[in-house]
Amino acid sequence: MSMHLSVVDATTLTFLFLFVSLKKKNLSAVVGECTREYQRLNDSVTGRMEGENVTRTQVTWDKEKKVDEQSTSTVDVEATAAQQQQTQEPEKKNGANTKKLRRLDTVPDIKRDTSGITTQYIATGIVNLGAFAAGVCVAWSSSALPLLTNGLFEPPSPTRDVIAVENTTPSILSTEHSKLTLTASEASWVASLLCLGALWGAGPAGLISEYFGRKKTLLYLALPLVVSWILVASSPNVYGLYVGRFVGGVALGAFSVGIPPYIEDIAEKHILPTLANFYHVHFSCGVLFGYIIGLVENSSWLTVLCAAVPTAFFVAFIFLPESPAYLMSQGKFQESKAALRYFRGIDNDIDGEFREIKERLRSSAKIRVTFKELFGTRSTAKALVVSFGLMIFQQMSGIFPVLFYAKNIFETFAIGLNPPSAAIILGFCFVSSTYFSTMLLKVVRRRVLLMISFAAMAVNLGCLGIFYHLKASNLSPSSTWVPLITLCLFVSFYASGVGPIPWLMLREIFPPHMTRRATALTAGFHWLLAFAVTKFYQNLVDMVKHGWTLWAFSITCIVGIAFVYFFVPETKDRSLQEIQNEFEGIHKKRKHTHVIEVESVSEA
């Protein structure tokens, strides 16, 4: 019997057999009638299945036709022209490009909102996990150095210049049968080598991202960061710590230069200032996270938690598309348009912005900027002086020594709260003030905010220096909240102005085609200063104690106020041309026109 007969048909045939039998017909008549009925039912089933196959084939053709029409409608005129030029290439390459486009369509679009704003915010948050990882690297010194050494801020004793950590205290490198020995100088190298590595990472990061892509450069930076934590956790001596911190610093410096261009490429103009400040917000969150995990007394867990951050960044960022501007610069017009639509949502018409990006890239290709050309004109040279000057006073304010050695500073001042908890409060103030600055920068002028920030930082550092001298003279209570309050106010005012504004002004005082070169140069100078201040902070404390060191930082902030007042132009709500004209007009004498009246004498 044919397998086409269904259960319903078999049941029908059985009832028919019984019905005929009840009519008392002979057996041959019953068999013949059943055979004819079976043939009729079998023909009916076969016809129905053939009809379904035809219907399915028609639906499949309709779907394929609709997909072809949709894909054809999304191809731009320029992309079509570029595709026609490549018709001689193998079909294998075309198939690979098609797979890339399909893979881009499967990128999780976070419920792709119709305006694209939510997608841009979340994508910016994901890419700034790199800044979060950088903040964790900075805060690691505050959490880990107390496990490696004691009395870091006290001058070394002539009878004991080597400080040992016994096995009873968990250490990053301690084992059952050994103990780690570190001098105060070695501890300062462990802290500051992160900044020296960042100097080497910040310089080439911009150039590498232009050749290999924004996404690939940032994505692969997670690998050296994970390697650095492995070296820190497994090194048998202090030199392994040096290498691990230096490698981590390379990634940190590259993040500081590579993240802002990616955000600039994916963000719309009206929300770019807000999204650009996400770097500082995430960096401060990373510092807070580093202080929180400092509560973990197990050094293995401390390192694992630190290494988990770049791992999470790699896993999350791998699903985001490449920068639309970079894809277009490589001639990948279809992928560029798909990436732009991903970030802009389905309601926005991207054709105008697509053409604008193309024109910007075309004009940038005509102008090749080198680092030497940053000094070519008077306006750009003065802009570079302003950016370098702001970085000098930013770092000489002492912010990095406070962040790197927060726990040890609180131990030195013997406040009424345990040092890890005090460091967490400090980190929370850092985060909240950085977030607050995002809104503050929209309403307050840059110069005013810089001067207020420098002034408040100078006052708090000066008060803390006075408190140290009073404490050294036994004129103050043994336990007080003054150090915690002054340091919290210090980092809060730093995060509100002195921290983000120098980086923000780089986009405002340089022409667009020079911004990235200027950013790379300024970032390298910034990390060089950070290394010098962090490394020699301990030497300064050994020579003149904490009080004079804090006063030196306070005086630097006061000089910073004068620098802002005389040399830094206001950039808020001003065009680039107006700012450059002001740079050109600095120290330029006003030309006076003298009018001489000549009386005509008429002859009588």
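Cβ atoms are placed via backbone N, Cα and C, with glycine included.
Whatever TrEMBL says is automated annotation, not expert-curated.
The annotation transmembrane segment is assigned in TrEMBL to 6-22, 121-142, 187-206, 218-236, 242-263, 275-294, 300-320, 421-441, 448-469, 481-506, 518-537, 549-568 (among others). According to TrEMBL, the feature region 'Disordered' maps to 53-99. According to TrEMBL, the compositional bias 'Low complexity' annotation covers 79-88. The annotation domain 'Major facilitator superfamily (MFS) profile' is assigned in TrEMBL to 123-572.
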Thinking of Cβ pairs under 8 Å, which stretch from 187-206, 421-441, 448-469 has the most of them with the transmembrane segment (518-537)?
187-206
Long-range Cβ contacts under 8 Å made by the transmembrane segment (300-320), restricted to residues 6 or more beyond its ends, are 107-108, 123, 126-127, 129-130, 132-133, 136-137, 140, 143-144, 172, 215, 218-219, 221-223, 225-226, 229-230, 232-233, 251, 286, 289-290, 293-294
Report, as numbers and ranges, every residue of the chain located at least six residues beyond the transmembrane segment (421-441) whose Cβ falls under 8 Å of a Cβ in that stretch; write 'none' if there are none.
139, 142-143, 273-274, 277, 280-281, 283-285, 287-288, 290-292, 294-295, 402-403, 406-407, 410, 415, 449, 484, 487-489, 491-497, 499-501, 504
So which residues does the transmembrane segment (242-263) touch in its own chain, when a touch means Cβ under 8 Å and the partner is 6 or more beyond its ends?
124, 127-128, 130-131, 133-134, 137, 189-191, 193-206, 208-209, 214-215, 217-218, 221-222, 224-225, 227-232, 235, 272, 275-276, 278-279, 310, 323, 503, 516, 519-520, 523-524, 526-527
Which residues of the chain, 6 or more past the ends of the transmembrane segment (218-236), have a CB below 8 A from one of its CBs?
127, 130, 133, 137, 172-173, 209, 243-248, 250-252, 254-255, 258-259, 262, 299-300, 303-304, 306-307, 310-311, 313-314, 317-318
CB contact flag for the transmembrane segment (187-206) and the transmembrane segment (275-294), at least three pairs under 8 A
no
